[in-house]
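Asks: The structure under discussion is supplied below as structure tokens; questions concerning it will follow.
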Amino acid sequence: MGSMSGKNAVVTGGSRGIGRAICLELARRGANVVFSYAGNTAAADKTLEELKALGVEARAIQGNVADPAAAKALIDTAVKELGGIHILVNNAGITRDGLAMAMKEDDFDAVIETNLKGAFLCMKAAIRPMMKARYGRIVNMSSVVALRGNPGQVNYCASKAGLIGMTKSLAKEMGARGITVNAVAPGYISTDMTAALPDAARQAMLSTIPVGRAGSPEDVAAAVAFLASEEAGYITGQVLSVDGGMGM
Ligand code: NAP
């Protein structure tokens with residue numbers, strides 16, 4: 001039996017990339033996992049199979065995290081079908097890059113709605129059952145660029161910096177109720193999101209990483225799993241960089 005045996009986790013954007021690695025790591029530690037995805041059913045089915053093969057209860061729920069009804073339905077799945085929610089990982093995120101002077105309002109709104117409001121809606125739905133149980137672990141997926149900024153990403157950086165403010169505020173609201181709220185700030189991680197970068201940009205980025213390599217989704221998942229563990233109960237309101245030293 002793993003150390004998370006008997007715990008139920010909800011992971012947004014769990015079908016691919018970092019979210020998928022988080023789902024698998026939590027399941028390896030014994031947690032049951034409900035994850036959401038936007039529309040890539042083939043990827044979601046594959047992740048679901050991998051989770052079930054680890055012997056835990058698993059559910060894949062298609063839905064937009066920025067839709068209040070979908071966010072509530074996601075959390076309700078864990079509460080009603082698995083008997084509660086102990087861990088929430090707000091991982092779902094998108095980019096719509098462009099220089100500010102040319103950025104369309106729709107692209108600004110889509111990124112804030114998905115990355116920031118989506119996390120708020122899931123947290124809002126999860127807090128009540130966590131408060132009842134007097135136990136909860138919430139981990140929000142920020143980014144190294146939240147603190148440093150990045151040209152072409154005013155929308156994305158604003159959403160990721162907003163997540164840090166939200167993390168600290170909720171940590172203060174929930175500290176006395178057994179619920180911790182932390183953020184993880186990955187650097188350059190090899191996933192579909194970064195695969196689109198041109199080679200020159202990739203090389204430039206790699207040269208700024210002291211550890212000398214891109215991160216893997218598993219590097220991030222290990223940090224999330226620690227913050228989501230019972231043992232991390234005295235850590236709250238923190239931002240843990242998982243960036244090979246890139247943000248120093
Ligand atoms: P990814 O490979 O593009 O995967 C994104 C995941 O989010 C997919 O499962 C996707 O579902 C889901 N998703 C997207 N929009 C959604 C929505 N509206 N509702 C529900 N699910 C949605 O991304 P990633 O690289 O793993 O990134 C995961 C998180 O880490 C993001 O928050 C990202 O900003 C953050 N991050 C990534 C890096 C990096 O270098 N990769 C660095 C710092 C932070 P579908 O499969 O259905 O599309």
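From the backbone N, Cα and C atoms, a Cβ is placed for every residue, glycine too.
Because TrEMBL annotations are produced automatically, they should be read as predictions rather than curated entries.
Per TrEMBL, active site, proton acceptor is recorded for TYR156. Per TrEMBL, the feature NADP(+) binding site maps to GLY13, GLY14, SER15, ARG16, ASN64, VAL65, ASN91, TYR156, CYS157, ALA158, SER159, LYS160, ILE189. Sequence annotations record features per position, and here TrEMBL assigns domain 'Ketoreductase' to 7-187.
Describe the structural surroundings of these features, if you would.
Replies: Around TYR156 (active site, proton acceptor), the same-chain residues at least 6 positions away in sequence with a Cβ under 8 Å from its Cβ are THR95, ARG96, ASP97, VAL111, ASN115, SER143, VAL145, ASN150. According to its DSSP assignment, TYR156 (active site, proton acceptor) is helical.
Sequence-distant contacts of ILE189 (NADP(+) binding site), defined as residues of its own chain at least six apart whose C-beta falls under 8 angstroms from its C-beta, comprise GLY17, ILE18, ALA214, GLY215, SER216, PRO217, ASP219, VAL220.
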Asks: Near ligand 1, meaning Cβ under 6 Å from any of its atoms: which of the recorded positions TYR156, CYS157, SER159 fit that description?
Replies: none
Asks: Find the longest CA to CA distance in the recorded NADP(+)-binding set GLY13, GLY14, SER15, ARG16, ASN64, VAL65, ASN91, TYR156, CYS157, ALA158, SER159, LYS160, ILE189; express it in Å as a whole number.
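Replies: Comparing all Cα pairs, the maximum is 25 Å.
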Asks: Ranking the binding-site residues SER15, ASN64, SER159 by other Cβ atoms within 10 Å, which is at the bottom?
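Replies: Selected from the binding-site residues SER15, ASN64, SER159 on minimum Cβ neighbours within 10 Å: ASN64.
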Asks: Select the most exposed residue of GLY13, ASN91, CYS157, where exposure means the fewest other Cβ atoms within 10 Å, treating these as the binding-site residues.
Replies: CYS157
